[in-house]
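A.B. asks: Sharing a structure here in structure tokens format.
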Amino acid sequence: MNNWQLSYQSPEDLTYHLKKPYLQYDKKEKQVTKVVFDTEANLIWAGDSYGRVSSYDPTYSLYTRHTAHIGSMPVVDLLSNKNGILSLSSDSLHFSNRRGVTQMSLTSADIAQLSDMKTMCYYTNNQNQVLCAGGNTASGIISVDLIKGTLASSTYFTSKVKHMSSNNKLVAIGKQAGSIDLFDPVSNRVIHSLSGHSASITSMDFKDNTLVTAGKSKTFGYLQSDQFINVYDVRIMKQLPPISFSKTPNFVGNHTSSKFPIGADFLQLHPVLPTVVAVASSSGSFDFIDLVNPSLRTPYIHPCKSISQFTLSPSGDYLAFLEEESMINMWNRSNSMSGFTNSAAVLEYQDYPEDSFIPYRVEVGQESYPLSSIGLPYYSETLLSAWPHTVFKTEGIISKKIEGSSSSETDNNSTKSVNRSLSHLSSSKYSLQPYNKFKYGPRNVIEPYKSLRERRKKMVSTTEDNQHRKELLEYKPSNNIDIPPAYSKLQMIYGKFGVMDFDFGGFNTTQYSGLETDIDCVYINEIIHLYRFVPEVYNFVVNCLEDEHIQEKSVLTELGFLFDMMTRANGKICRASNFVDVLESISTANELGLFTDEISTVSGHAGKPSLDEGNLSSHIYNLNLSVDADAEEIMKRSYGKYMTVAQKFNIFLLDRLISEEVERKLHSTDAIVLEELFGLNVDTEIHTLSTCGNFVRQPHLVSSLVVLSPASNNVKYSNKKLSNQTILPYIESSMCRFKQLTARCSKCEKLQNQEYESIVRNLPPLLSLNICLSPEEWTTAKTVNGWLSNHFFATISKDRPILKLQATDLKTSNAIFKYELMSYVARITDDFGEEHLVTYAKILDQKIQQYKWYMFNDFLVQEIDEDEALNISYWWKTPEIVVYSDAEEIRKPFVSVSKLKVDTDILYRDYFSEGIRKDVIRQYRLLTKDEAPGPGTLVALDAEFVSLTEPYLEINCKGMKTLLKPAKKSLARVSLLRGEGELEGVPFIDDYIINECHIEDYLTQFSGIEPGDLDPKLSKKSLVKRQVFYRKMWLLLQLGCVFVGHGLTNDFRQINIYVPESQIRDTSLYYLKGKRYLSLRYLAFAVLRKQVQTGNHDSIEDAHTALLLYRKYLELKEKGVFEMYLENIYDEGRKFGFKVPDTI
């Protein structure tokens, strides 16, 4: 292998296209990640960190370039194919021809196993199927059919894969740990395992019966390239004697600082000579070694600082080196070499139009001849038609209407044709439904004209503009078509500092807190607002925080924490993330399909229906009676067809809260408060209409009533028109439902005609109503003025509820109850059919002792008029859940948590998730009763988090990134230190939070959390459940402690707790307005002259550093030199680039 020489061509930068101006502020690394030769054409392919694939000819001239992977995911592997090029990213597989036209594109949305992919290879000669594998053990090894573009097979593989290579019979799998498995793709199993390298495999090649590998081993704690390459013979399944490849630092020149012999980093079997292997190191030295006679070799040195990739052409005559900074350079055997492959295909290029004269004369009026065929002369001066914008003074006008007889005739003809179409359809089996004005709004209405100047002003207006904010909070519609801005579906916008850049204050000027939309199932926010201002519900839920209930995940406890946080926040934004996390851990909620962002109408579940499918149908099934298929379908269609996800969740939530209260009071004689508040005692009576005469009665209790349209078989409402009826007949009819069905009798076990009657026997203080009406029924209801009654009177007469608008209409001597509308949830449907929920709540103003109505649209909170709140006539507004309260209950005061005798014992003892273990490592000292914290007690805090999901990004055509949804993070570790006293700086809480979810990234460099630290089976840390730590944190907040830390605002947001500013001492005090924020590490260097965070982060160290910084701040503030000292810190920081030097 002599006569190799460096190519005469200068190295070429393959990342030139990534150095465009619009990418210069992108912090993403710009580099080439993979280089391969084309096996069918004289091309070399390069994939980069932005997901783009480029091809170059032997002169480095660009042939094609295309974006292969959405989201600018880096290319991790490339394979040349007879029909094009195959590229792989971590979550997608892309196949295109050589001209860059996509032939197949598969993402994780198409094949779920496409996750954290690292490598791929063919395993057949026809190249029709490809194997892919990577670092996600859950994905295993997948086989993709390139012809069909589908997943062919999937094989479970327990190890992380780094390299794969095939000899078209077997596949060699290089595992991340350094060993090798031989995989048979026919039987989909590993047939043999080979020992490899002690640390990892860096390169591997497999041809015929020869397998060669290069790897790394640990030497004195550092990874060093092995000085031997491993050779295997797969015929005998054994390793042959390794071949030495060792270069001294002096051999490769002075550009390396290594003190150890240099080993092999890259290798490839020669494509023409089967016993020759090309081996190279990252320093640039490379050899051609004969495996039969290893002493026969030819050493070379590539002149560069370092190389990142090394590959041989299919002809064996070219060597490509990818140098530092993505520069490509080549070696060849002689200057006469013509191409990368021996039988190169002819490349296709685009056609160029010929500038020729028109062969015949074209008339000006000839409409069939395209004007684009007439070329324009070349020019070098500014054309006369290029007038400046200052010439045009008009703002733009509307085109004048063309008047004439022709237009009217056309209108008449079109009207006649439409009438003929309508008559034709009406005579057929299909018919057109009349246009629903109340659902879709008026049509054929011309929008008012807005000049370009007005539009321009609207586009450039900012959220700081008071007028714009006023428009944003406008809740009254200007016409019957447009939806007011206050009802728009809100989206959070994330800036450089995440959600901290978002101005929530512009959406809420009240004292009542809204909720962020940065959670799953955003519709849950409105259900929380629905019950937040019901005094009896609030008082009971918050009172449950008085005692410890941390054994299991409790919806009742989490709702109490959330209600208390929203009260304490006093209008500041809050999150319901912890509440949603607890709901997601409940299997029943998942089975009901509650975790979705789609809130449209659902038709129920297959199989046995549950309570949410209607009062009567669920009760029949509770009696274990068999109903035939026809009857079951009729019941589902009648009672569960228009049930929405929010209504299902409302029923689930109330039932869950009641069941948790019952469980807590199993050994107590106390009354079940929520049952008394919401419980409807329902009697279901079933009478068989035959000689059998079977009669069954079963009482039961429901927490929420499904309100349907009055039944046609109800004598009381059969002759009344609903066009002048309020909601009261709907409620009263739903409290007494009657149905006749054919079902199997439980006594004679025969199909008999049966009567089913479901009757409510009581009137609880709170009525939770799920309004389930059809679109046609809503059309009728919206025409009734005052359909949603503000109040009504009710009584029980003859064991049946009677509801009237006036008390004088109830001619009875029984007790009469007045109910007032407390709150309700409405569904808003925009012009594009997208739906979201808003909540209306009636709240008592303590200053003037009058009730006011407020509208909650997630984090937008606005006071509105009562008439507007009760108006449901708009086509875009539909009530779903309504809460009526007894007039006496609504006037009860809200009880503050501060008046409760809260149990604080958990602050003085351990509560591990798996009990007290002997091998647990404690780095803290528990508080004693003598150290009981009180108002003003300083507590230093730092929290660490792990990432559960990746962020969702949107990238436009210019490469600008927009964060749509940040990565979901979970609390991993929290350390709290004493901030004063004899034990100042000593931790009293150092909790690791157990995590049972999939962790996408441990963020070890920033969190100090290692894999296994949060696993109760493996960890030796003090593991606790999140509920345990949260109660400790909540208790310290209630006791009035003052928290000291760095970046506490973000920590408290992720912990999901609101701490008033008066109880926060953040090291952000070291900040000059208009300047950059200083990191904790740099502040420790600049102020304390100490180094922190030298390795992984440690929350105890970070909390203690923040405490010392705060003490220093108080000292400087007392001397009156803090501002001058801070300016010196910034001046010094500019010299170091705000980075900590290696030595202090």
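Every residue, even glycine, has its Cβ placed from backbone N, Cα and C.
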A.B. asks: Please state which member of ASP865, ASP867, ASP886, ASP1102 Swiss-Prot lists alongside ASP942, GLU944, ASP1051 for binding divalent metal cation.
C.D. replies: ASP1102
A.B. asks: If I restrict to non-local contacts, at least six residues apart, and a C-beta distance under 8 angstroms, what lies near ASP1051 (divalent metal cation binding site) in its own chain?
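C.D. replies: Set apart from ASP1051 (divalent metal cation binding site) by at least 6 residues yet with Cβ under 8 Å, we have LEU941, ASP942, ALA943, GLY1045.
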A.B. asks: Same chain, outside the repeat 'WD 4' (302-341) by at least 6, Cβ under 8 Å from its Cβ: which residues?
C.D. replies: 3-9, 11-15, 30-32, 34-44, 46, 48, 56, 58, 60, 255, 265-266, 268, 270-273, 278, 280, 282-286
A.B. asks: Using a 10 Å radius around its CB, how many other CB atoms surround ASP1102 (divalent metal cation binding site)?
C.D. replies: 25
A.B. asks: Under the DSSP assignment, what numbers of helix, strand and coil residues are found in the repeat 'WD 2' (153-193)?
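C.D. replies: Counting residues per DSSP class in the repeat 'WD 2' (153-193), I get 0 helix, 24 strand, 17 coil.
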A.B. asks: With H, G and I counted as helix, E and B as strand and the rest as coil, say where DSSP puts GLU944 (divalent metal cation binding site).
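C.D. replies: In the DSSP reduction, GLU944 (divalent metal cation binding site) maps to strand.
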A.B. asks: For the repeat 'WD 3' (196-233), what is the mean per-residue pLDDT, to the nearest integer?
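C.D. replies: The answer is 90, the mean pLDDT of the model over that range.
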A.B. asks: With Cβ-Cβ distances below 8 Å as the criterion, list the same-chain residues six or more beyond the ends of the repeat 'WD 1' (27-66) that contact it, or say none.
C.D. replies: 9, 12, 14-15, 17-19, 72-80, 82, 85, 87, 89, 94, 96, 98-100, 102, 309, 311-314, 318, 320, 322, 325-326, 328, 339-341, 344-345, 347, 959
A.B. asks: Should ASP1051 (divalent metal cation binding site) be counted as helix, strand, or coil on the basis of DSSP?
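C.D. replies: It is helical.
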A.B. asks: Starting from the Cβ of GLU944 (divalent metal cation binding site), draw a 10 Å sphere and report how many other Cβ atoms land inside it.
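C.D. replies: By my count, 26.
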A.B. asks: Go through the chain and flag residues at least 6 beyond the ends of the repeat 'WD 2' (153-193) whose CB is under 8 A from any CB in it; none is fine as an answer.
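C.D. replies: Beyond its ends, the repeat 'WD 2' (153-193) has Cβ neighbours at 113, 118-125, 131, 133-137, 139-143, 199-201, 203-209, 211, 213, 215, 232, 234, 237.
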